[in-house]
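Feature annotations, courtesy of TrEMBL:
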- 1-17: signal peptide (SIGNAL)
- 51-75: transmembrane segment (TRANSMEM)
- 96-122: transmembrane segment (TRANSMEM)
- 171-192: transmembrane segment (TRANSMEM)
- 228-245: transmembrane segment (TRANSMEM)
- 257-273: transmembrane segment (TRANSMEM)
- 285-303: transmembrane segment (TRANSMEM)
- 309-328: transmembrane segment (TRANSMEM)
Amino acid sequence: MFSLGSWLPALPGLAWGWALLDALLQGESPRGWHGDGLGTSWGTPVTHCCLFPAGLVGACTVSVLCSLLKVYLYIQCLNDPERQAEKEAIQAQRRVLEPLHVVVLTGVLALVGSRVAALVVLEFSLRAVSTVLSLGKGAHSSQLYLLCQYSLGCGVSCSLSFLLEGAPHGTCNLLLAAGLAGLLAAYARRLARHVCTLYELHSRAHYCGVCILLLAASHGIPRLLRNALAVIFTVADLAAVALINRDFLSTAEAVRFWTPLTICYTLLVIYMQEEPRQSAGGWPVYQTALVRMGGLFILLLTIGRWTDILHILISLLGELWCLLRAGVMLEACQRQ
């Protein structure tokens, strides 16, 4: 298996440090820390879902989503004379908050456990299916893309944890994934800044190839995002079910967990359908996040672990952070 220590001369004093660094990068508990925490139990490492590399990939994926939606909404507002105030609000978003958003979301995803991340993914998948089926009743797909930010980060982290669990060269795979995700996020942010600064001038003068391409094909951004999110959440749902089921020793134990979970999710979906979507302001969005996380909190109080309760609270902070960061774009989607 690939190890960082294999690239340097073998030094006995550094062997434990390299093993610890490899374990952290691969999302594992280092050997010797499993069991009583004193090195007396040298069992198989315990894989966690959302340590730093997988969390970074999830946060970068959310950044790409927000940047592409920012491009789409800005162009839509620019083409509508009645939405110039929204265009200026999108354009006035502070650039320094974009890297900060990635850093904070990476930290949140790195702290959330695999069980809670999997539950968040499954809950959003059911809610997304329900929303898509009700699109003809006034729901907005662009708003759904913004509401899925935190769930998308959890889904990417779950998928990476499931796909790379026990894989050879896991450290190299995670570093490569984090590097590529960071590169895509940087280019997406650069595109959003370019559009908000120069698109209005370049699209009229037919000067920039990127702006000319967006002038002709920007309406296809939602379809691109829809297809990409469908693939990501399909893989994430399979990974989430596998991550949850591996903790059960028998079918009866699994049934005792899935039965109340299914009831809870059904009630949440019914609540989303009956919620007044035409309410003014952004408070219903935050109220929905509180209700969803509150439902999972109460559920895990009865069938979960104490660490799950802590992870639910961290997830609530991550969800609210994503909604606050996208507040301007959420208002633009609601007025669309």
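Using N, Cα and C of the backbone, Cβ positions are placed for all residues, glycine too.
Counting Cβ pairs closer than 8 Å to the transmembrane segment (285-303), the top stretch among 51-75, 96-122, 171-192, 228-245, 309-328 is 309-328. Below 8 angstroms of C-beta separation, residues 62, 66, 86, 89-90, 93, 97, 101, 104-105, 108-109, 111-113, 115-117, 120, 146-147, 149-150, 153-154, 282, 285-286, 289-290, 292-293, 296-297, 300-301 of the same chain, each at least six residues beyond the ends of the transmembrane segment (309-328), sit close to that stretch. Proximity of distant same-chain residues to the transmembrane segment (51-75), defined by a Cβ-Cβ separation under 8 Å and at least 6 residues beyond the stretch ends, is recorded for 24-27, 86-87, 90-91, 93, 98, 101-103, 105-110, 142, 145-146, 148-150, 152-157, 160-161, 174-175, 177-178, 181-182, 184-185, 188-189, 191-192, 195-196, 199, 214, 218, 221-222, 224-225, 229, 232, 322, 325-326, 329, 332-333.
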